[in-house]
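Peer 1: Please find one structure pasted underneath; my questions will follow.
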Amino acid sequence: MAGECVPCEGPDLKNMGEEELWELINDNRHRISLGVRPCIVIPYLRQARVLTEMDEDEIVSCHNLTNRCMRTYMLDLLRTQGRNGAVALLESLMIHYPTLYTQVTGRKPSTEPSRFSLIKYSELTEYLVRAVTGMQRELQEAHREASRMTARCASLESELKDEKCDLYVRYTAAIEEKSAVYQLQTELQKAQMENEFQRQRSFRCASLAETPQLQEEVRRLRCQLVKAEKLDPARQDILAQDLAEAIDSQVELAEQLRCYREENEQLLSEKQGLMDQKECLSLQVQQLTLDCNMHKQKITMIHNQLRELQAERDKAYLSRDEAQAMIAQTLAEKDALRCQLMELQERVFSLLSRTSAPPFLMRSRPKAIRINGRVLSISFQGGALLSQLAVVGGNKTGVFVHQVTEGSTAHTVGISPGAQIVEVKYEQNQKALRMVLEDSTLEEAMWALGQVTGLCHLSLRPRQDYEALLQQLQSSEISSGDSFYVRVNMSLPAGPNGTLAVSCNDILHVTNTRPAGTEDSWHASQVHPCQLLDLQSGTLPNYYAGRVVAQNKQNAVRIVSTGRQGRNPLWVSVEDEKTKDTSAPKSCVTLMPYTLVTPHYPPICRPILLLPTVLGRILDKKLAGWQGFQLCEPEHATRLQRSEILEECEQGRNCCYTLQSVEKVMKKGIHCVLPLGLDCVRRLHRAAIFPIIIFISQTARSARKLSKLQRHGQSEEQLLACSKSEEPLLDKLPCLYHSVASDSWCDQTSLLTSLRTIIWEEQKKIVWVEPDLW
């Protein structure tokens, strides 16, 4: 195990016999069975000829054996091969399982070819290369498996979310139906109460109509009438009158009784209607009860489904966790494979550096090859080197050997297509020269290799990008490996043979510095101002041909100042004595047709710098009054460093404009109006802040248009003098600026409207910045 103490050096395996070797293996049989995968070591055992193809099929393809049995059966097959089987097994462990090899044998893994006794040197090299390729393939498969597991986890989470939302909708509908059933039950109870009240009322009325008091009164009156017949006439008249009144009362009572009966019949009819309604409501209640029970069953089923979905969700989360653990394990295995790959590559390079050199170096001089990391350095006579080999590529992809002339010195020392040329060293005029070609253009590389006339030293690096580069070249996807952007410092009209027409300050994308069929030309495309998109393409003079054109058109070029005494900041290595301008003094001004630029993508709101300074101070407050604009405020410079100060303020010695004051406004997502001069531009660029620079050209006529503006005591002559002094300095800026023509506006309103449009357009553009040459 990893924690066991292993002796520094065990017995030499070459001096051990067959029984001793197999006794050593059998003592560690359990450890080997657990730690060794047969599919890893079988290729080497096949290469050492101790296992046949039939043996491999029996070990790997048999479905009746477990993985542990496969390893045990493999050891049994190797036992039949005697000492060679034991030696081959231990050598395979030394290559693929160095830790296990040390634990079994007590010896450290060795990269000496002499330690491999059953396989030739060339076969060993071939096997190691195949092993490296196999590990890379397994690493790619692990990447794909991790991507599939991640996509599966995302899919399961999405399905769970959709099903959960559906269940919530269905549960809400069930709750609403249950509420409706409860409301119907309440209305039914209310109707029953009203029906009971009407029934009691009708019963009282019937009882009143059927009372025997009326009958008793009639009998009494009749008795009185009989008695009256026996009385005197006066008494009879009184009784007759009483009898008539009693009869009238009886008739009235009979009429009231009839009315009561009619009301009773009406109440009975209403009672029957209410009974019918009750039966109807009872049927509705039964139906609603059935519906309620059905909904309860549905809700129960939904709850069960929800629990099942929650269980599936938990299972999915568990699967996701297992997948993440598997991904982590895969990544760990990937790192282990990468380490093994680097180990194997180092072993290959170490094996190549031993005394038994590869066959393709047998004809070279002693010590012609040495290994520095992963770079192979070759020394040979490279007279007319470009006649011995051809190169492809450029600054983006690297420069690669494409063809090697058979029988040449380069072919003799073993240079083959596909190797990247990292560096070339040679002697010229008794001076040792060294040129790094790792990021050089194709034009630079061919110039440098063309300078070699004698002994040279090439540093080569094996790269897998060569095949992809060839495919792109063959499919015409690209024409070379060059890719960089330049700012044009002169104007060129369109010419014959597809010559591109360019203007000063145009941005070009150079894609080939050595196009076929042309000399001293580049192939380039104009770039879209707002995105990295190639537009019209064509050829144009290269740097040195363009320099000749610029010298002939000095009135139409941008004079670029540098701090390097006229040296070319782009292609210093390709300047020789013939191309240097010996008549030019060692000053800081040179004619550069193109300067290298890099794209930058600033935030939404860039600061605003208005020039000339005299007019800018007047317009700054106008812009600051707009929505989305704010004037930069000065700060006290008590504890600020010099690099943080942009410009001192006129208000006092300890008051100045700083980077922090600009960044504070930019963080609000609005434009910061800079009341500063040109000196602040480079300081802002070093802080990755790229202002919009707008220069408003001035003439005597345009200066008079500003007579109504409050110019803080500045005269028209001072405005014109400021414009004349600052305009030449604009070409020295490392970035582009926007110039407003003096005849494009007529008054203050139109000028401010133009400025708003210009700021909106400039904000969308890519910022192209030159390297700081000072």
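Using N, Cα and C of the backbone, Cβ positions are placed for all residues, glycine too.
Copied straight from TrEMBL:
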- 17-108: domain 'CARD' (DOMAIN)
- 132-347: coiled coil (COILED)
- 640-760: domain 'Guanylate kinase-like' (DOMAIN)
Peer 1: Give, as a single whole number between 0 and 100, the mean pLDDT over the coiled coil (132-347).
Peer 2: 73
Peer 1: Is it possible to list how many residues within the domain 'CARD' (17-108) are helical, extended or coil according to DSSP?
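Peer 2: Going through the domain 'CARD' (17-108) residue by residue, I get 70 helix, 0 strand, 22 coil.
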Peer 1: Could you break down the residues of the domain 'Guanylate kinase-like' (640-760) into DSSP helix, strand and coil, giving a count for each?
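Peer 2: Counts, helix then strand then coil: 54 helix, 21 strand, 46 coil.
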